[in-house]
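Input: a single structure, listed below in structure tokens.
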Amino acid sequence: DIGSYDFVIIGAGSTGSVIANRLSEIKQWRILLLDAGSLPNQLTEIPSLYAFGVFSDYNWGFRSIPQTTACLGTVNEECLIPRGRGIGGTTLINGAMYSRGHPTDFDKWAELAGDPSWSYENVLTYFKKSEDFHQTDPDAPVNWEYHGTGGYWYVEHHNPPISLKHIFLEANEELGYNITDYNGPLLEGGSVVQYNTKVGRRQDQGTAFIMPVRKRNNLVVLTKSYVVKIEINNDTKEATGVIFTNHGRTYRAAASKEVILSAGAISSPQLLMLSGIGPKEHLQELGVPIVENVPVGKVLRDHVGTYGVTFSSNMTSPDQTLREQIKDYLNGFGALTTSSLSHVLGFYQTNIEETPNYPDFEVILDLSDPASEFGKRFLNWKDETYDILYNNTDISFYMTTILLHAHSVGSIKLKSSSPFDYPLIDYNFLSDPNNKDINALYEGIQFCMRLVNTTAFQQVGAKFESRPLPACKDLEYLSKDYWFCLIRQTTLAVYHPVGTCPIGTDPATGAVVDSELKVFGIKKLRVADSSVFPFTLTGHPSAACAMVGEKISDTIKLNYSETP
């Protein structure tokens, strides 16, 4: 027994790190922050090494069960699901792109939550509160009214920009799209990526929110601490504390005010179910004593991306030695200061999306890397898939089409009643009965083809480079049926899982938490992370996770009559 705290926070990721920071501002509150991983280090700090982080102890290493409708070009038809383990969570190993979402996302969120405080007008304050924005690319459009300065979390553009930046933006203009700041109110069009780096070094949310306040007397941060159960008083239906392991020993920590679960969209539902909070039938099958019957894990959503749409051009990238790259890195710029070679992106709308001016797909342009065994393993490709897609020295760049508002829904279930067994994750991508998802991805790929056929791209000799996939060899090459086959082979998770403990007004309609993120039927227990998102956003989730952390911290302070 390690004693009692006012708040016990499970998980120091994109949301938990923010909450720990903000609640520990109240000096009379004692805060315990638990995480199964380690502190950030010099490996995680270098953005270009994020793929190596995926092969380290900073990644949980989740995989889906074998799939039948997508991820078919991967080994065992399994989608990889990297999730960060450590102080900073998935921001330790992600692409570090800062992308909030569309105003419509949050207005719909407020409607589903039955609470106008989640509307865009209201949550914008919290996005700006976290942010310390710096315009480090003078050509990048910035709508300063929608950005914050002086917050904990640094945002900047990469330097120097890739050679194709201006060409991509010119091609957008040629097709009639605006060049925009995608973190403002108008997303549709081409844009320059905003990164969570600080003078070229990764600003994960542990580095941003926890390291500056780690020595506060009322904040205890325990690493290597894996929570195996939330303790619930069966008579009062109150969360009383947690049980966790640390270096082979088991501990109990009591929570006098609340337990706050911020373990992410995979681990939060797993821990709720292990603690008896979940679908009654599923828990009975596994012999888990039922505390509360709520639809935990019934829904799993993610963005999906179609990979392998590759192009050649007559442009060449500068050839640098590693020593030269390190010198640039130490000066805050260059190849090592970016998580990928995708410094431009765009948001667009297909004919599938019915809401006006509401983009439903994203295109990210990446410069290509030489084919390698490491690259193949990073996305879990089968040999024949990878060789056809990427083992081609003519490839100069590729475009990834990302579906933002998928209709297909997956699920998460427990494998067993043991907290040390990973859950069963079924993404179920591209399975919607009306084929809206695969048609939207097909439209997105055709848009990429139009983009590359513009005068801007033709000035550098851009040309589609591809060879028929073996799995699709019986179909007419580049016919619609062929593209549908390729999409099912090469569409993977974009690693933005959400929605496994969704916000709402009633468990009968699928909700797990209310508008203040309190678990239905259980007192003194909240979930605060991407699992509460009611749907996938028109943006990447880490920024919205920070917003949730900022907002719910103010809510908690008001609940306990403390000044925010």
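Glycine residues also receive a Cβ, built from the backbone N, Cα and C atoms like all the rest.
Automated prediction, rather than curation, is the source of TrEMBL annotations.
The annotation domain 'Glucose-methanol-choline oxidoreductase N-terminal' is assigned in TrEMBL to 84-107 (among others). Non-local neighbours of the domain 'Glucose-methanol-choline oxidoreductase N-terminal' (84-107) in the same chain are 11-14, 16-17, 35-40, 44, 47, 50, 53-54, 56-60, 118-120, 123, 127, 155, 182-183, 185, 187, 193-197, 202-207, 210-211, 221, 223, 264, 339-340, 342, 345, 347, 355, 358-359, 495, 535, 537-540, 542-544, 547; each lies 6+ residues outside the stretch with a CB under 8 Å from one of its CB atoms.
The 10 Å shell around the Cβ of VAL227 (FAD binding site) contains 25 further Cβ atoms across the protein chains shown. If you look up TrEMBL, you'll see THR90, VAL227 marked as FAD binding site.
Residues 10-11, 13, 60, 62, 81, 83, 89-90, 227-232, 288-297, 300, 412-414, 417, 419, 423, 425, 497-501, 512, 519, 521-522, 527, 529-531, 533 of the same chain lie 6+ residues outside the domain 'Glucose-methanol-choline oxidoreductase N-terminal' (264-278) yet bring a C-beta within less than 8 angstroms of a C-beta in it. Feature annotation from TrEMBL assigns domain 'Glucose-methanol-choline oxidoreductase N-terminal' to 264-278 (among others).
What TrEMBL records for HIS496 is active site, proton donor. Same-chain residues at least 6 positions away in sequence with a Cβ under 8 Å from that of HIS496 (active site, proton donor) are, in sequence order, ASP302, HIS303, SER530, THR536, HIS540, PRO541.
What TrEMBL lists as active site, proton acceptor is HIS540. A 10 Å cutoff on Cβ-Cβ distances gives HIS540 (active site, proton acceptor) a total of 24 other Cβ atoms nearby, all chains included.
Around THR90 (FAD binding site), a 10 Å sphere centred on its CB holds 27 further CB atoms from the protein chains shown.
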